[in-house]
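Notes for the one structure printed next.
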Amino acid sequence: MAASSPRPGLDGTRRDVIQTASAAVAGLLASAVLPAGALAAAKAEPNRRVFTTDGGVKFIVLKEGTGPVARDGDFCVVEFTGFLPDGAVFDASNAPGRKPIAFQLGKRQVIKGWEEVLRLMNAGAEVQMVVPANMAFGDKGICIDNGDCLVKPGMDVRYDLQLKRVAPTP
């Protein structure tokens, strides 16, 4: 009986090599595109994939949903937390006095990045996403007249997003 290799992926089967290489590439990709919280989640589960939408939103699925897929015109109920690049929370539906938000998908009631990812989600799903500025708050950011900005112009943001419910349009 052959001794097992102490270095899986280096001395093992072709499958071991491919799995080790895939995990390394996924780790590098995750560290390049996702902030610390998402990186920790991706490293904790090396088989977790980083997806990219046509608009450049990068996301990982934290939990698969089992309900209906959200489509344009459907009413969606979403819980979320928004983070700046430094990890500071800038908005959250679970903050005191707040509740999940409800909106009609495809009616430009939320940022473009949310709409792109929500169209790929089932009710009950949870994702962590990095939204590029052009799919979030763009060149204007979220600023007030005196120049103070909650989200600076051109800033990418991260969201933890849970699609709680999907209700088709009557």
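Backbone N, Cα and C atoms are what each Cβ position is placed from, and that goes for glycine too.
In TrEMBL this protein carries:
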DOMAIN    73-167  domain 'PPIase FKBP-type'
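Counted with DSSP, the domain 'PPIase FKBP-type' (73-167) comes out as 10 helix, 40 strand, 45 coil. Mean model confidence for the domain 'PPIase FKBP-type' (73-167) is a pLDDT of 96.
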